[in-house]
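Student: Below you'll find the structure I mean.
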Amino acid sequence: MGEQVSNAAKKNAQKRPKGIKKASAPESRTALVRRARRINRELAEVYPYAHPELDFRNPFELLVATVLSAQTTDLRVNQTTPALFAKYPTPEDLAAAVPEELEEVIRPTGFFRAKARSLIGLSTALRDDFGGEVPGRLADLVTLPGVGRKTANVVLGNAFGVPGVTVDTHFGRLVRRWKWTAEEDPEKVEAEVCALFPKSDWTMLSHRVIFHGRRICHARKPACGACPIAPLCPAYGEGETDPEKAKKLLKYEKGGYPGQRLAPPPDYPGRPAAPLATADPEGDPGAAAGTTGA
Ligand code: SF4
């Protein structure tokens, strides 16, 4: 087994793209900051259209969609929220929902009983404590039922323009692969990554890293051979290095599949996702599985 591993490592080392250096000495803080910012710049070129992948039209819809996105894909949430917001367009409507009826509407997102409790609870708090408006402060948002720091940062960054780093499963995995941090705890990851970048970069950095995690740097099979930031990545070789095989692993617009949003921004180069009833018409990997971690 040990020999197999070392043979694989040798093979990968031989295929290392030009520019990739094997780490010899520990990276200095200055070199780390430079490399991290270069990765961000490269990702900005690869994903100039990076955006939040939940469909929303106002802060309330984004808050609700983000709560629903726990343990499922953004795609599944986007396929569920049109019916939800048609039936319950405001916090007042959702606060007054009959739990069983709400559960039926959000059932496709999984954990629907707990999520229904959170939605009714947070809508009641919005109605009673915040005048029916979503507050634009982290300290207020985290007092709402079912709303943690991650959800609060998503809402602040994308509905209020307050810079924030969103540490989800993709973000944590990638920044550890890139050795920006060794931390596992999302709050510590957030603090260490924030310290590498100016505040103005935080929100878009989060979108780009999550885009890269969903499309190329997957959890189980990163497509290293098709990765534009391979020369900057200490984890190059963890995944498929053969360019042709790696290309076949690409997802969403990079792999020719629909995206996660039913209503993507106008500059999105891929196709919109299909509504729930007609989902997965062309083998979209995220649509069928429901919980691909995508
Ligand atoms: S080289 Fe591989 S591990 Fe590194 S970012 Fe690219 S896909 Fe991920």
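The backbone N, Cα and C atoms fix where each Cβ goes, and this holds for glycine too.
The following feature annotations were taken from TrEMBL:
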BINDING   Cys217, Cys224, Cys227, Cys233  [4Fe-4S] cluster binding site
COMPBIAS  12-21  compositional bias 'Basic residues'
COMPBIAS  270-294  compositional bias 'Low complexity'
DOMAIN    68-215  domain 'HhH-GPD'
REGION    1-27  region 'Disordered'
REGION    255-294  region 'Disordered'
Student: Return the residues near Cys227 ([4Fe-4S] cluster binding site), defined as same-chain residues 6+ apart in sequence whose C-beta is under 8 angstroms from its C-beta, sorted by sequence, else 'none'.
Tutor: Ile216, Cys217, Cys233, Tyr236, Ala246
Student: Once the chains shown are all counted, how many other Cβ atoms turn up within 10 Å of the Cβ of Cys233 ([4Fe-4S] cluster binding site)?
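Tutor: By my count, 21.
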Student: From the centroid of the CB atoms of Cys217, Cys224, Cys227, Cys233, the recorded [4Fe-4S] cluster site, which same-chain residues not already listed sit within 8 A by their CB, in sequence order?
Tutor: Arg177, Ile216, Pro222, Ala223, Ile229, Ala230, Ala235, Tyr236, Glu238, Gly239
Student: Do you know the mean pLDDT across the domain 'HhH-GPD' (68-215)?
Tutor: 97
